[in-house]
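Undergrad: Sharing a structure, written as structure tokens. Questions coming.
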Amino acid sequence: MTDFSPREIVSELDRFIVGQADAKRAVAIALRNRWRRLQLEGILREEVLPKNILMIGPTGVGKTEIARRLAKLAGAPFLKVEATKFTEVGYVGRDVEQIIRDLVEVAIAQVRERKRKDVQARAQIAAEERVLDALVGPGSSPATRDSFRRKLRAGDLNDKEIEVETQASSGSPMFEIPGMPGGQIGAISIGDIFGKMGGRTKTRRLTVADSHDILINEEADKLLDNDQLVQEAINVVENNGIVFLDEIDKICVRDGRSGGEVSREGVQRDLLPLIEGTTVATKHGAVKTEHILFIASGAFHIAKPSDLLPELQGRLPIRVELNALTRDDMRRILTEPEASLIKQYIALLQTEGVTLEFSDDAIDALADVAVGVNSTVENIGARRLQTVMERVLDEISFVAPDRGGETIRIDADYVQKNVGDLAKNTDLSRFIL
């Protein structure tokens with residue numbers, strides 16, 4: 001788990017996301033509070049519960065991007081799910097407890113990756129011996145092995161093909177056990193029941209270079225205690241897990257509506273115990289959810305936060321409102337982030353030998369077009385910039401292979417020539433921009 005201070009977390013998010021200071025502060029404090037709780041002892045640590053967050057704001061202003069960047073920063077098990085993917089228990093579809101099961105799988109993969117690094121040196125030696133066995137045979141003399149080992153370490157044998165025995169991928173057929181609680185837990189792999197069937201292997205023909213990572217991972221896994229690894233992963237989920245629930249507004253029940261809304265309310269009711277704290281059965285063991293941090297987000301265009309069940313509102317105590325993007329924000333989004341759209345397009349066309357240059361007035365014009373179309377057609381926030389940029393650079397992208405070595409300057413006139421008419425014609429921009 002990361003121990004960044006809130007200020008460091010915000011400054012890291014600032015590298016990729018423009019504006020939305022309140023939302024950044026809220027998630028930074030929530031993330032730091034996870035670390036603070038782990039410094040406490042005994043009963044107090046158990047009593048301190050996470051303050052779950054509800055992010056409210058129109059589409060395309062950075063809600064999901066904040067979640068994505070937070071996942072990379074957190075160094076903790078993180079899962080982003082759409083609330084609309086789930087159905088009430090008893091209906092066909094996934095139930096909300098699957099969120100926790102998926103989170104456990106994410107944690108196991110993270111812990112396994114970390115532990116593999118701890119035993120990498122030993123795994124590398126064992127993998128090297130397996131490659132030498134394939135090259136010169138297990139019964140070869142020490143002198144021959146040493147000679148080939150030197151060549152192997154120098155990289156002289158990287159292109160040589162060898163045959164190695166590797167673990168067969170666990171693509172065991174799945175079947176459902178009727179009546180098992182929690183819907184998806186009923187899908188059991190035959191491999192889970194009968195174990196690894198004596199460790200099934202298959203012979204693969206690979207180059208020495210390609211076999212390197214596969215063999216190291218296999219040898220590392222042999223050195224790991226799987227039961228201890230799973231237990232550690234469950235512990236990490238219970239104390240550090242973060243779930244980002246997107247599109248929470250789509251499961252709101254609006255006043256005066258009925259019929260299909262029933263299962264939406266059911267999903268909310270199923271979420272209540274999960275967020276409040278319950279024990280979820282997974283195939284790896286029971287997982288307590290009291291200390292998992294939930295961050296919910298929604299545009300709330302049609303529904304309002306007050307349309308959520310009152311109990312669910314109470315379980316999301318921190319409200320953060322994200323602002324709609326202004327023209328100045330659009331301009332900054334085009335230029336400031338480390339992987340801004342303009343930098344991406346310049347890099348893409350550089351691969352063809354074409355140098356793109358954007359003048360300041362071109363950036364102003366792009367921002368103006370995006371804001372104009374958002375205000376007249378449908379406000380989709382920063383995502384509109386991608387549509388506008390694609391339209392502006394359509395011709396250049398098409399002919400780039402024939403124009404290697406050229407420098408092309410994009411100015412306001414060029415932008416207007418390519419999208420100006422479409423932006424003014426509302427009927428056309430509905431379909432094209």
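Every residue, even glycine, has its Cβ placed from backbone N, Cα and C.
Per Swiss-Prot, the features are:
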- Val18, Gly60, Val61, Gly62, Lys63, Thr64, Glu65, Asp246, Glu311, Arg383: ATP binding site (BINDING)
Undergrad: Write out the long-range same-chain contacts of Glu65 (ATP binding site), meaning residues 6 or more apart in sequence whose Cβ is under 8 Å from its Cβ.
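TA: Set apart from Glu65 (ATP binding site) by at least 6 residues yet with Cβ under 8 Å, we have Phe16, Ile17.
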Undergrad: Looking only at Val18, Gly60, Val61, Gly62, Lys63, Thr64, Glu65, Asp246, Glu311, Arg383, which the record lists for ATP, tell me the maximum pairwise CA distance in angstrom.
TA: 34
Undergrad: Fewest other Cβ atoms within 10 Å: which of the binding-site residues Val18, Val61 wins that one? Let me know.
TA: Val18
Undergrad: If I restrict to non-local contacts, at least six residues apart, and a C-beta distance under 8 angstroms, what lies near Glu311 (ATP binding site) in its own chain?
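TA: Listed in sequence order: Leu272.
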Undergrad: Enter the number of other CB atoms within 10 angstroms of the CB of Lys63 (ATP binding site).
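TA: So the Cβ neighbour count for Lys63 (ATP binding site) comes to 25.
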